[in-house]
Amino acid sequence: MTKKVLVLPGDGIGPEIVGQATRVLDALIENHGLDVTYESALVGGSSFDAHETPLTDEVLAQAKEADAILLGAVGGPKWEQYDISVRPEKALLKLRSELELFGNLRPAILYKQLADASSLKPELVADLDVLIVRELTGGIYFGQPRGIRTLENGERQGFNTYVYSESEVERIAHVAFKAAMLRDKRVCSVDKANVLEATELWREVMDRVSKEYPEVELTHMYVDNAAMQLVRAPKQFDVMVTGNMFGDILSDCAAMLTGSIGMLPSASLDANGKGMYEPIHGSAPDIAGQNKANPLATILSVSMMLRHSFGEGAMADKIDQAVSTVLDQGYRTGDIHTEGDKLVSTVEMGDAVLKALA
Ligand code: NAI
Ligand code: MG
């Protein structure tokens, strides 16, 4: 059956980068037999400007109905004057929680063509390929109770609650072990079990689920050590699985080891393989509307979508290969450009990928 994709360009550079990604989708539909249709809708700042809300009920309903979602980016100074509850970024949180997209996959891959971009020595990061699996709808970001209260002595106190139920840990564990089965079969679970009881249970559940994946090696690491190891010797990791807050921090850290924010895609999956796919970067207001943004992270998000939601691994490989080819050919947008490369625009990068695909 024809799969339905909802495309949500967002604001800032979102429409520009998504425009190139949908050209890739079009090419696969027209020339390679991909059985997908898509429609676009407003989200984030573009939705706020039109409807005074970053996510309308109609678009949320469309998102629920779609088989997968491709998102650009949202947010920017233009909307910072408004209450946090209606800011563009709120749309992302709402989509994640309403669609129960609890499994966040964040690959950190260093492309050999971009080896100079990393802040680490080349030998530490050459061929780096780590997958961070972050739990996305639980933990301290969602735990109740939360807030700011006034104590009897009049002092104010801010508080949040770190909670994970067994079922929440189980389902993210399965995502991590399944991903590891397709890779180097090693999972490192990151917690703070020496201090936080909630993560003691996390560790216990990880051990239990790991018995269902005898081929996968499971290790445990405290989050402070994991942060240190990521910058000391990142290639020791294959898959890292962790909770919402630790994953937020570690995944940004891992991404930066590759030095290229414009190159990294992500997936947020529910229990049935439906997912929202988006680049890890934001809306880059400083370069929006200038045809300068790197569209490759968004194009690689299409690849992740084909792989994880549609079981089209071969077609995903084609996209990955095309991206590698354009890097080999020396095409670079500003964010990954060094002297001697061909500096290209967003659209020219899209042109190059389409040519490599053909
Ligand atoms: P950012 O990722 O938008 O930009 C950081 C720097 O990287 C900027 O210099 C930008 O020009 C550059 N950059 C980002 N993506 C690029 C690309 N594809 N090609 C070339 N250069 C690129 O992060 P920042 O500046 O912290 O946030 C800007 C806005 O985006 C904020 O409103 C923030 O809340 C929002 N944001 C949205 C996200 C999303 O939609 N998922 C994620 C992160 C931030
Ligand atoms: Mg973050």
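Every residue, even glycine, has its Cβ placed from backbone N, Cα and C.
Residues or ranges marked as domain 'Isopropylmalate dehydrogenase-like' in TrEMBL: 4-353.
Taken from TrEMBL, the feature NAD(+) binding site applies to 76-89, 282-294. There are 23 other CB atoms within 10 A of the CB of ALA284 (NAD(+) binding site), with all protein chains counted. The secondary structure of ALA284 (NAD(+) binding site), as reduced to three states from DSSP, is coil rather than helix or strand.
TrEMBL lists ARG96, ARG106, ARG134, ASP224 with the feature substrate binding site. Under 8 Å, Cβ to Cβ, and six or more positions away along its own chain, ARG106 (substrate binding site) finds LEU131, ILE132, VAL133, ARG134, GLY247, SER251, ALA254, ALA255, LEU264, SER266, ILE280.
Sequence-distant contacts (6 or more apart, same chain, Cβ under 8 Å) of TYR141 (site 'Important for catalysis') comprise ASN244, MET245, ASP248. Here TrEMBL flags TYR141 (among others) as site 'Important for catalysis'.
Taken from TrEMBL, the feature site 'Important for catalysis' covers LYS192 (among others). Around LYS192 (site 'Important for catalysis'), a 10 Å sphere centred on its CB holds 19 further CB atoms from the protein chains shown. DSSP assigns LYS192 (site 'Important for catalysis') to coil in the three-state reduction, outside any helix or strand.
Neighbour count (other Cβ atoms within 10 Å of the Cβ, all protein chains): 14 for ASP252 (Mg(2+) binding site). Sequence annotations record features per position, and here TrEMBL assigns Mg(2+) binding site to ASP224, ASP248, ASP252.
Listed in sequence order, ASP11, GLY12, ILE13, GLU16, GLY76 are the same-chain residues at least 6 apart in sequence whose CB falls under 8 Å from the CB of ALA288 (NAD(+) binding site). Proximity of the recorded positions (PRO88, LYS192, ASP224, ASP248) to ligand 1: a Cβ under 6 Å from the molecule is found for none of them. With a cut-off of 6 Å between Cβ and the nearest atom of ligand 2, the binding-site residues ILE84, ASP248, ASP252, LYS292 reduce to ASP248, ASP252. Comparing Cβ neighbour counts within 10 Å across the binding-site residues GLU80, ASP224, ASP248, the minimum falls on GLU80. For the binding-site residues ILE84, PRO88, ARG96, ASP224, ALA284, LYS292, a Cα to Cα distance of within 10 angstroms from LYS192 (site 'Important for catalysis') holds for ASP224. Proximity to ARG96 (substrate binding site), defined by a C-alpha to C-alpha distance within 10 angstroms, is shown by none of the binding-site residues GLU80, ILE84, LYS292. The local packing around ARG96 (substrate binding site), expressed as other Cβ atoms within 10 Å of its Cβ over all shown chains, amounts to 18.
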